[in-house]
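First the structure, in the form of structure tokens, and then the observations on it.
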Amino acid sequence: MEPAIKYRLIKKEKHTGARLGELITPHGTFPTPMFMPVGTQASVKSLAPEELDAMGAGVILSNTYHLWLRPGEQIVKEAGGLHQFMNWKKGILTDSGGFQVFSLAKNRDITEEGVHFKNHLNGSKMFLSPEKAIQIENDLGPDIMMSLDECPPFFESYDYVSKSVARTSRWAERGLKVHQHPDYQGLFGIVQGAGFKDLREQSAKDLVSLDFPGYSIGGLSVGESKAEMNHVLDFTTPLLPENKPRYLMGVGSADALIDGAIRGVDMFDCVLPTRIARNGTCMTSHGRLVVKNAAYAHDFTPLDDNCDCYTCRNFTRAYIRHLIKADETFGLRLTSYHNLYFLLHLMKQVRQAIMDDNLLEFRQNFFEMYGFNDKNPKNF
């Protein structure tokens, strides 16, 4: 049986671990490295599917935990799955719900069977097992699904992380056994291990032996420094098969996308661009711009003079500032559109730089313009 998700390697960058490729899904083939907008509740906040399509989004992420609680996976299944429910004709990826259980839910209790917790909406008692997570995701109907994992804090003790990694591996095997639709839904295993090299190696070895169609790198962007995250990626991505996609979960700042691509990551997602947009913070080629600040009240230039998105072609900083100060929803739509377009366009530039074998030069120029003032990474 052909796997639902396939990866085609097109080219490796000469000077780094970066790779240009294609993610092949039941709902289309998409170029990688790629950024995936997050639609937590089966909607990318304030934006229509047509707008996401127009700006070049290929795969959208939705959150299993939130959709399980509301409206419930059975309603989504009844609608014909997430693609029909939200009218998105391209790729959809769902997480397992594990991260939300560990970050949002109260009174959680982790056992070998799964996680007991209280619903953060109404306080009711809930239970999520590896099997239940897969059943929910099968019903939601995305192209790509995640195994249930525990995401331990980056600075947790070695002993705790060691036990957590072993349990996550057992949970991955249990989830794989009950996965109903491997022919049109690809299930990824999630590599954990915090900052411990030997535990990351063990986690990757366990999961690669199960032959998932793709692999996620979890437990990063959870409070550690950028240098620590890059260090973990340096020794983690080489552990994963070259013929499978690699997905770095929950990472969405411009510098982290470039540095992740340099280290061989193919897929990224994060709520960051839309979350900061709702606070009036915009990503531009010259760095972050807080457009609601008084300094922009009389500024009749675009958010970013190097951007050709709908927002920058049609509206000024002064107007967008006015909308946000007046609590007009249109302002949030404009900043959200711009930030997502900015990251999707950035990944297009990264792909071109890989093709041209000048990704380190691109990184240096981008970081100087953006204001990161960082040196080229030397160790891959």
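Along the chain as shown, the residues are counted starting at 1.
Even glycines carry a Cβ here, placed using N, Cα and C.
Going through His231, His286, His322, His338 against Swiss-Prot, the one listed in the Zn(2+) site together with Cys307, Cys309, Cys312 turns out to be His338.
For the substrate site, Swiss-Prot gives Asp95, Ser96, Gly97, Gly98, Phe99, Asp149, Gly219; the one candidate out of Gln41, Gln180, Gln185, Gln192 that the record lists there too is Gln192. As annotated in Swiss-Prot, region 'RNA binding' covers the listed stretch 274-278 rather than the other ranges in 14-18, 244-248, 274-278, 314-318. Given the ranges 131-137, 250-256, 355-361, the record in Swiss-Prot names 250-256 as region 'RNA binding'. Taking the C-alpha positions, the distance from Cys309 (Zn(2+) binding site) to Gly97 (substrate binding site) comes to 33 Å.
It is 40 Å from the Cα atom of Asp149 (substrate binding site) to that of Cys312 (Zn(2+) binding site).
Of all Cα pairs drawn from Asp95, Ser96, Gly97, Gly98, Phe99, Asp149, Gln192, Gly219, which the record names as binding substrate, the longest spans 16 Å. Of the recorded residues, Asp95 (active site, proton acceptor) and Gly219 (substrate binding site) place their C-alpha atoms 13 Å from one another.
Here the C-alpha separation of Cys312 (Zn(2+) binding site) and Gln192 (substrate binding site) works out to 40 Å. Taking the mean position of the Cβ atoms of Cys307, Cys309, Cys312, His338 as the Zn(2+) site, the remaining same-chain residues with a Cβ inside 8 Å of that point are Pro302, Leu303, Asp304, Asp308, Tyr310, Thr311, Arg313, Tyr337, Tyr341, Phe342. For Gly219 (substrate binding site), the nearest of the recorded positions Asp269, Cys307, His338 in terms of C-alpha separation is Asp269.
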